[in-house]
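A quick write-up on the structure given underneath.
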Amino acid sequence: MENYGWNYPYYPYRPPRPNPPYPAPPHHHGSMSHSGPLDHHHPPMSYYASFDYQHQPPPPYPPVSYYASFSSHSDLSYSGRLDSSGHGFTSTASPHSPGMHIVPFGKASLKVLLLHGNLDIWVSCANNLPNLDLFHKTLGVVFGGMTNMIEGQLSKKITSDPYVSISVAGAVIGRTYVISNSENPVWQQHFYVPVAHHAAEVHFVVKDSDAVGSQLIGIVTIPVEQIYSGARIEGTYSIRDSNGKPCKPGATLSLSIQYTSMNKLSVYHSGVGAGPYYQGVPGTYFPLREGGSVTLYQDAHVPEGMLPGIKLGNGMCYEHGKCWHDMFHAICQARRLIYITGWSVWHNVRLVRDKEDPSSECRLGELLRSKSQEGVRVLLLVWDDPTSQNILGYMTDGVMGTHDEETRRFFKDSSVQVLLCPRNAGKRHSWVKQREVGTIYTHHQKNLIVDADAGGNRRKIVAFVGGLDLCDGRYDTPQHPLFRTLQTDHNGDYHNPTFTGNVSGCPREPWHDLHSKIDGPAAYDVLTNFEERWLKAAKPHRINKLKTSYDDALLRIDRIPDILRVLDAPTVSANDPEAWHVQIFRSIDSNSVKGFPKDPKYATSKNLVCGKNVLIDMSIHTAYVKAIRAAQHFIYIENQYFIGSSYDWNAHKDIGANNLIPMEIALKIADKIRAKERFAAYIVIPMWPEGVPTGAATQRILYWQHKTMQMMYGTIYNALVEAGLEDEYSPQDYLNFFCLGNREMVNGNNESGTGSASNENTPQGLCRKSRRFMIYVHSKGMVVDDEYVVIGSANINQRSMEGTRDTEIAMGAYQPQHTWARRQSGPRGQIYGYRMSLWAEHMALLDDCFVEPESLGCVRKVRTVAEENWEQFRSEEVSEMRGHLMKYPVEVDRKGKVRPLPGSEEFPDVGGNVVGSFLAIQENLTI
């Protein structure tokens with residue numbers, strides 16, 4: 001299993017804004033620095049007294065009720081104005097002028113309202129903060145090391161290191177950087193934040209950053225009712241302590257906040273849009289690149305004739321890509337560089353497995369060695385699994401079995417350079433945080449970058465991006481065999497982590513994935529990502545400074561005349577029916593890349609977000625939210641995980657799985673129901689997370705997944721009631737979850753290799769007898785309205801979306817000639833062909849209704865096929881399955897209540913509760 005998670009809140013993007021709504025105060029004491037990992041809504045230090053830091057991490061933040069005593073009915077002192085005529089309180093003086101007068105808001109409202117849109121926030125400054133650091137700075141010196149003493153820091157004035165966290169419904173949506181040693185900090189920091197929260201108040205929590213945690217200084221609350229009209233609230237507020245009293249006489253926070261609802265945000269009203277003015281996803285690190293080419297892949301290989309032909313709108317037939325075949329030939333044809341990033345890279349994997357192809361016996365390691373001997377620069381940037389070791393030649397495989405040490409050893413005496421890259425928290429983080437990040441999180445990107453022929457004796461950059469690692473267990477075709485290829489295509493490549501012990505005669509775990517190839521300017525952004533990561537990972541640290549530096553391994557392509565630069569890269573005219581516009585997104589932070597601004601004040605200029613001691617690119621989350629909000633007809637998702645929007649669950653609201661994606665989908669459907677318009681969401685996930693389904697971690701993930709489903713179906717049911725449609729339609733007429741599975745009969749070749757007796761009452765024995773197993777959905781992709789596609793390495797959970805956990809990369813792309821806005825009807829371009837090809841793979845049929853996925857007829861047809869396949873899968877009778885798409889084994893009643901499917905409370909053969917169990921395991925391992 002690749003993905004567990006720790007429970008940190010998420011941080012949205014903040015596109016730049018030219019000027020703050022009010023001037024900065026004339027004074028500022030203290031130097032600026034950003035420090036520490038992501039913030040967790042820490043209360044005073046006494047709150048943590050009962051926690052053993054060596055055996056469990058501290059809680060992320062207290063529940064919302066923690067703040068109730070000092071946020072709900074406190075008399076909030078306020079000065080300033082509401083930016084709409086006839087509303088609010090005004091001050092004729094500048095918010096910072098000596099003549100400013102304080103006007104109380106009165107009792108704060110507790111009315112809960114839905115904030116669905118964007119918040120435009122400025123946090124300007126604080127004044128007269130209390131000094132909380134005299135005691136805790138001393139502790140920081142003792143526990144944080146003696147370097148401060150060496151540098152003479154103790155001679156400086158010791159006072160608070162303040163920052164501000166902004167939260168809605170208990171979910172942190174933004175935070176300022178830390179300003180060291182200042183009682184009058186000036187941030188002038190802008191936030192442009194997507195929200196999809198039911199909330200009564202917006203909290204601005206002022207904290208003091210310490211080496212051993214954070215202390216609560218005080219809080220300012222803004223009632224949602226005050227901003228719901230869209231008026232801008234702007235002013236200076238008294239900072240209150242936990243008793244509702246000023247934390248210090250004269251302690252204030254200056255801010256402004258404005259809410260814009262979805263119906264006023266035109267960028268979300270017309271999908272991709274038409275014309276030259278569409279700028280892609282705003283507020284991201286990499287821009288939209290026009291005039292590229294994209295190839296979309298399903299599975300590692302699609303043999304000729306395995307899938308039916310699909311007619312496109314231009315009269316052409318959709319061409320099914322052969323991912324690993326194309327990767328193999330791209331490597332073979334490289335002349336200058338081959339760069340690979342991976343969660344896992346195995347030198348012994350075979351990319352080509354067609355019997356008639358002479359390359360079928362070539363191993364990846366041999367190919368890369370051969371290319372490096374030709375003078376090609378071959379660099380591998382692979383996650384360093386901390387549980388694998390190579391000590392004095394003795395290697396341990398590691399818990400994840402990534403082959404990292406094995407692959408490094410294979411290339412040891414070659415010119416191929418392998419850099420094993422641990423997931424580091426950064427030296428300015430606490431020791432606890434460094435251990436936490438290094439042990440739990442991973443480098444999860446999967447890329448291949450090569451130079452390719454550009455004509456005229458010139459070279460260009462081509463990149464492959466998606467979910468497929470170049471390692472064992474990944475090669476598969478749309479047939480997803482269980483037993484029949486164990487002695488052929490999968491000989492020496494058996495992978496099924498569900499089983500422990502003897503696996504003789506057991507089914508392999510079929511692997512379904514999505515990938516892409518990018519040819520054009522956006523490929524250079526993938527190269528930039530590799531270069532930024534390599535330079536950061538290659539930088540020597542501490543004792544490693546004695547080792548060889550990898551800094552000079554990267555090719556300087558600007559000094560190689562025959563490689564075209566990004567501005568010179570060949571492009572396709574936007575009028576060409578096959579043109580693509582492509583944008584690269586990431587989840588990554590400044591601890592994993594070199595090139596982010598050193599001063600957090602400049603984060604906004606790069607569309608980065610501030611965390612404690614870290615700058616964050618979380619543009620994958622931004623891209624998903626933008627695409628879902630802009631969807632007009634349907635959403636099709638395949639993903640390895642589906643967990644999020646925990647702030648709106650019916651329990652465990654505070655675990656920190658705060659990404660917006662599930663809630664945005666549910667609210668999109670609810671909006672369409674109220675508008676009496678059709679909309680459908682299809683979500684394909686694995687039957688269970690990879691591993692043992694009865695295990696504590698797996699059960700906890702399934703439990704969170706169930707909570708996510710329940711929240712979404714509940715939101716949809718409420719919308720049906722509001723529209724008076726609850727008797728006519730059910731929630732599953734709009735949203736459905738599916739999984740994939742296969743079942744094979746024994747053929748005459750006795751391909752199964754029966755092994756030990758098949759009547760043993762173990763998962764192995766039961767699977768040998770039933771000849772069935774799930775197809776593992778490892779995909780990380782989304783299709784919206786057949787006009788926009790997202791494919792990458794990021795799962796839909798907190799660790800992939802947050803930016804400070806796993807490092808991720810994705811591409812978002814569309815064809816400008818194949819959009820709803822241009823055609824005024826359903827697009828029939830490559831994205832349409834890709835989605836139809838995936839459905840043909842999963843259902844073994846192409847129905848006429850599939851061309852309109854939003855239609856009720858299509859939704860019910862797909863659900864019927866999936867229900868029939870599930871019944872065939874769970875039956876005692878062994879039969880050959882043609883289609884693989886199955887109903888996820890839960891029952892959703894007309895009121896949106898989600899329960900295990902009767903008779904299928906546990907997964908067939910392998911056990912484990914379908915809706916999971918709340919077992920005693922740290923939730924930060926599973927979100």
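Including glycine, each Cβ sits where the backbone N, Cα and C put it.
Annotated Ca(2+)-binding residues in Swiss-Prot are D299, H480, H512, and among E841, E852, E854 the one listed with them is E841. The shortest Cα-Cα distance from D299 (Ca(2+) binding site) to any of the recorded positions (H444, D451, H778, K780, D785) is found for H778. Within the chain, the domain 'PLD phosphodiesterase 2' (773-800) has long-range Cβ neighbours (under 8 A, six or more residues past its boundaries) at 3-8, 10, 271-272, 296, 343, 441, 444-446, 465-468, 474, 480, 482, 496, 498, 507-516, 585, 587, 620, 623-624, 627-628, 630-644, 656-659, 661-662, 684-688, 690, 739-742, 767, 806, 808-815, 818-820, 826-829, 831-832, 834-835, 853, 884, 907, 909, 927. Listed recorded positions near Q640 (1,2-diacyl-sn-glycero-3-phosphate binding site): K780 (candidates K446, D451, H480, K780, E841; Cα-Cα distance within 10 Å). H480 (Ca(2+) binding site) sits 13 Å from H778 (1,2-diacyl-sn-glycero-3-phosphate binding site), taking the CA atoms of both as reference points. Put simply, of the recorded positions H778, K780, D785, the one whose Cα is nearest the Cα of H512 (Ca(2+) binding site) is H778. Site extent for 1,2-diacyl-sn-glycero-3-phosphate: among the recorded binding residues H444, Q640, H778, the largest C-alpha separation is 13 Å. Taking the Cα of D785 (active site) as the reference point, the closest of the recorded positions H444, K446, D451, H778, E841 is E841. Taking the C-alpha positions, the distance from E841 (Ca(2+) binding site) to K446 (active site) comes to 24 Å. E841 (Ca(2+) binding site) falls within a helical segment according to DSSP.
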